[in-house]
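A.B. asks: The active site feature in Swiss-Prot is assigned to ASP84. Among the features that Swiss-Prot reports, active site, proton acceptor is placed at GLU177. Under the heading Zn(2+) 1 binding site, Swiss-Prot lists HIS82, ASP143, ASP200. Residues annotated as Zn(2+) 2 binding site in Swiss-Prot, with sequence analysis given as evidence: ASP143, GLU178, HIS382.
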Amino acid sequence: MAYDLLLERFLRYAKINTRSDENATRTPTTQSQVDFALNILKPELEELGLSNIHYLESNGYLVATLPANDDRLTRKIGFISHMDTADFNAEGVSPQVIESYDGGIIPLGTSGYNLDPADFPNLQNYIGQTLITTDGTTLLGADDKSGIAEIMTALAHLKANPEIKHCEIRVGFGPDEEIGIGADKFDVDDFDVDFAYTVDGGPLGELQYETFSAAGAELIFHGRNVHPGTAKGQMVNALQLAIDFHNQLPAEDRPELTDGYQGFNHLQTMTGTVEEANSSYIIRDFETESFENRKATFQEIADKMNQAYGQTRVDLVIKDQYYNMRQVIEKDMMPVELAKEVMEDLGIVPVIEPIRGGTDGSKISFKGIPTPNIFAGGENMHGRYEFVSLQTMEKAVDVILGIISKP
């Protein structure tokens with residue numbers, strides 16, 4: 001269904017810079033997210049007639065309730081999207097609207113960059129549709145401004161059509177998802193629903209209840225610097241230690257060589273000098289045993305290297321980040337089955353695949369609210385090639401409305 005103001009709402013949100021900052025220690029990490037919540041979203045929720053609208057300074061979430069209008073619909077269902085955007089330029093976002101896309105190359109403004117089907121064959125799925133792209137100088141922010149716009153549009157549709165019967169709805173717009181800390185302080189008692197959905201997925205039909213289990217590994221390599229001309233038997237090159245460590249990890253377990261249910265070890269940064277070097281990894285797997293084995297491999301390599309040198313040359317710290325929410329959701333698949341049934345009723349083919357990443361829903365699920373993820377429409381997210389289909393966004397609104405009105 002076409003919805004008035006969905007496009008306008010998304011464009012307005014997308015133009016606001018709400019980039020998060022992984023180096024900040026406050027919550028939210030940027031003031032722009034607070035301003036977006038209080039100055040843009042909160043007044044809109046008030047205008048739409050929601051109740052119990054409140055901003056939680058403790059965690060940066062803006063929360064509101066739409067009471068049920070049918071006593072027979074007793075569920076309490078939440079919808080959650082994040083306000084921040086990824087680590088890419090978000091200042092001066094100037095979206096392009098391409099109506100009736102013809103399948104060709106889309107110039108991204110005057111930037112010299114193009115959306116080319118030869119590079120992005122997923123464009124062929126959108127011929128004839130209205131696409132919103134960047135101008136090539138910023139990201140778009142469909143992750144997750146599209147989700148916010150879809151939730152708001154569903155609420156506006158309910159206000160304009162009070163005859164539509166629905167259960168109690170709770171909405172939550174949160175911070176800092178892109179840097180992995182947005183749901184750390186999520187208040188499940190305040191949100192108070194039976195289950196929820198993050199509206200934070202990608203293409204049409206995505207329905208996800210499995211994420212990676214995730215950890216981060218930080219390594220410090222301690223070298224000994226002497227003049228290279230007299231280094232034999234004396235120098236210990238910390239950079240070489242970092243290389244040696246990396247080369248002992250399974251060569252095939254890298255992101256660029258894995259897909260589906262395969263996990264990986266990803267070297268994100270390696271910096272240093274002969275005297276000291278640092279490496280930072282992320283560790284990902286879907287299965288608990290494999291996840292634990294990966295972490296154990298890191299420790300075994302560090303221990304072996306320290307033993308070989310007879311002293312501590314490698315310091316390793318591993319911290320778990322989040323866990324596969326399947327462990328929670330598979331105990332009661334009703335939220336997944338409900339969304340699947342609604343999609344099928346709407347003629348949408350559910351695409352049930354694992355998320356090769358994480359969502360706020362993972363941490364929220366482990367806090368006590370099962371929270372699978374549904375599509376929001378974005379493609380090529382986190383950069384200048386990001387785009388979203390208006391028609392996919394409309395169908396996401398259809399799914400939200402179907403979920404809250406399903407007996």
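FYI, residue positions are counted from 1 along the chain as it appears here.
Each residue, glycine too, has its Cβ placed from N, Cα and C.
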A.B. asks: Restricting the comparison to the recorded positions GLU177, GLU178, HIS382, which residue's C-alpha is spatially nearest the C-alpha of HIS82 (Zn(2+) 1 binding site)?
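C.D. replies: Going through GLU177, GLU178, HIS382 one by one, the closest to HIS82 (Zn(2+) 1 binding site) is GLU177.
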A.B. asks: Specify the count of other C-beta atoms within 10 Å of the C-beta of the residue listed as 'active site, proton acceptor'.
C.D. replies: 26
A.B. asks: Consider the recorded positions ASP84, ASP143, GLU177, ASP200 and say which one has the Cα lying nearest the Cα of HIS382 (Zn(2+) 2 binding site).
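C.D. replies: Smallest Cα separation from HIS382 (Zn(2+) 2 binding site) among ASP84, ASP143, GLU177, ASP200: ASP143.
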A.B. asks: Starting from the Cβ centroid of ASP143, GLU178, HIS382, which together make up the recorded Zn(2+) 2 site, report each further residue of the same chain whose Cβ lies within 8 Å of that point, ordered by sequence.
C.D. replies: THR85, ALA86, ASP87, PHE88, LEU139, ASP144, MET381
A.B. asks: Compile a sequence-ordered list of residues in the same chain as ASP143 (Zn(2+) 1 binding site), six or more apart from it, whose Cβ lies below 8 A from its Cβ; state 'none' when nothing qualifies.
C.D. replies: THR85, ALA86, GLU178, ASP200, ALA376, GLY378, MET381, HIS382, GLU386
A.B. asks: Using all protein chains in view, find how many other C-beta atoms are within 10 Å of the C-beta of HIS382 (Zn(2+) 2 binding site).
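C.D. replies: By my count, 16.
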A.B. asks: What whole-number Å value do you get for the CA-CA distance of the residue listed as 'active site, proton acceptor' and ASP84 (active site)?
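C.D. replies: The residue listed as 'active site, proton acceptor' to ASP84 (active site), Cα-Cα distance: 7 Å.
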A.B. asks: Please give me the CB contact count at 10 A for ASP84 (active site), counting all chains in the structure.
C.D. replies: 28
